[in-house]
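Here is the structure we will look at, set down as structure tokens.
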Amino acid sequence: MEVRNMVDYELLKKVVEAPGVSGYEFLGIRDVVIEEIKDYVDEVKVDKLGNVIAHKKGEGPKVMIAAHMDQIGLMVTHIEKNGFLRVAPIGGVDPKTLIAQRFKVWIDKGKFIYGVGASVPPHIQKPEDRKKAPDWDQIFIDIGAESKEEAEDMGVKIGTVITWDGRLERLGKHRFVSIAFDDRIAVYTILEVAKQLKDAKADVYFVATVQEEVGLRGARTSAFGIEPDYGFAIDVTIAADIPGTPEHKQVTHLGKGTAIKIMDRSVICHPTIVRWLEELAKKHEIPYQLEILLGGGTDAGAIHLTKAGVPTGALSVPARYIHSNTEVVDERDVDATVELMTKALENIHELKI
């Protein structure tokens, strides 16, 4: 089956490379979302927590589609007297992924300095320590400062946030590698759905949520305000189709289509919605796979518990090496996710729960 809508590379690049760790989405990604979606909806607003809520008015049930715009990162907790930065994780950061990496230290909106993730060199470690993964007390960021005063003069202070210095690149024929595909590939998806959606049988709220990586916080507050009849979350999921992973633990595979979520740690998707999405995918020949993720959650986990409860489903884009600066996705899976979400909104009046 041929890809019907190839990825817009320049838009995807803009979305994934914009800064915005949890709680600091205003540093870049929030403005990108507003600029790219405003011409395809009737109203855009930013709520008190920072969620971008784009309303495309229509007749029919009220539907919320969430994609979180925050990314994992670091926060400065201490500046050493010799200028090195001590940091803490924002979201699920594995300290092994920090060593020998380049970082952007965000001094202000649109302004950063470079840093390098470092630890004690293996050459001078004890033999037993070389076998251990570093912990947070052994990691620091080197920004080239020679003193605490110099680091402060460069603009660094307690609470300064840090992202990987990553960029979007093609990887083979159909794949991309980038920083922050979790969850900017879903942000890209809702932008594309908003553009393509011509005849929605619903009152649609596209929501770029904040602070998902630290507890599904933006989805919880935005869903409370919207009070949707149905909810959908779009996120990445694990594609562990790599050497060394048993087949029953691979979760999903790159290039085999969008993943219709059955369950993750935060939600059991409404079975009627799961079956309905499957039927739509089959009817429109959209490639799909089924997903059960035993670790990790999504905004669906917050949406479905809103007020008296919201029937909720979720679509996932398979991704390798998530929570790193080299996450990998396949454009065919992205395309399938856009297609199925669009078809769902065009046919939502047929869903009966």
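Backbone N, Cα and C define each Cβ position, glycine as well.
What Swiss-Prot says about this one:
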type: ACT_SITE; residues: GLU212; note: active site, proton acceptor
type: BINDING; residues: HIS68, ASP182, ASP235; note: Zn(2+) 1 binding site
type: BINDING; residues: ASP182, GLU213, HIS323; note: Zn(2+) 2 binding site
Query - Between ASP182 (Zn(2+) 1 binding site) and GLU212 (active site, proton acceptor), the C-alpha gap once rounded to whole angstrom - result: 10
Query raised in the report: What's the CA to CA span in angstrom from ASP235 (Zn(2+) 1 binding site) over to GLU213 (Zn(2+) 2 binding site)?
Result: 11
Report summary line: Out of ASP182, GLU213, the listed binding-site residues, fewest other Cβ atoms within 10 Å surround the Cβ of GLU213
Report task. Measuring CB to CB from GLU212 (active site, proton acceptor), give everything in the same chain under 8 Å that is also at least six residues away in sequence. Result -> SER22, HIS68, ASP70, ASP183, GLY218, ALA219, ASP235, THR298, ASP299
Requested in this report: For ASP235 (Zn(2+) 1 binding site), just give me the three-state DSSP call.
Outcome: strand
Query raised in the report: So which other residues, same chain and not among ASP182, GLU213, HIS323, have a Cβ within 8 Å of the centroid of the Cβ atoms at the Zn(2+) 2 site?
Result: GLN71, ILE72, GLY91, GLY92, ALA180, ASP183, ILE322
Query raised in the report: Which of HIS68, HIS323 has the fewest nearby Cβ atoms, counting only those within 10 Å, among these binding-site residues?
Result: HIS323
**Report entry** HIS68, ASP182, ASP235 excluded, remaining Cβ within 8 Å of their centroid (Zn(2+) 1)
**Finding:** ALA67, ASP183, ALA186, GLU212, GLU213, ILE234, VAL236, THR298, ASP299
Report summary line: What DSSP gives for ASP182 (Zn(2+) 1 binding site), in three states, is helix
Query raised in the report: What three-state secondary structure does DSSP assign to HIS323 (Zn(2+) 2 binding site)?
Result: coil
Query raised in the report: Across all chains shown, how many C-beta atoms besides its own are within 10 angstroms of the C-beta of ASP235 (Zn(2+) 1 binding site)?
Result: 28
Report task. Would you identify the secondary structure of GLU212 (active site, proton acceptor) according to DSSP, in three states? Result -> helix
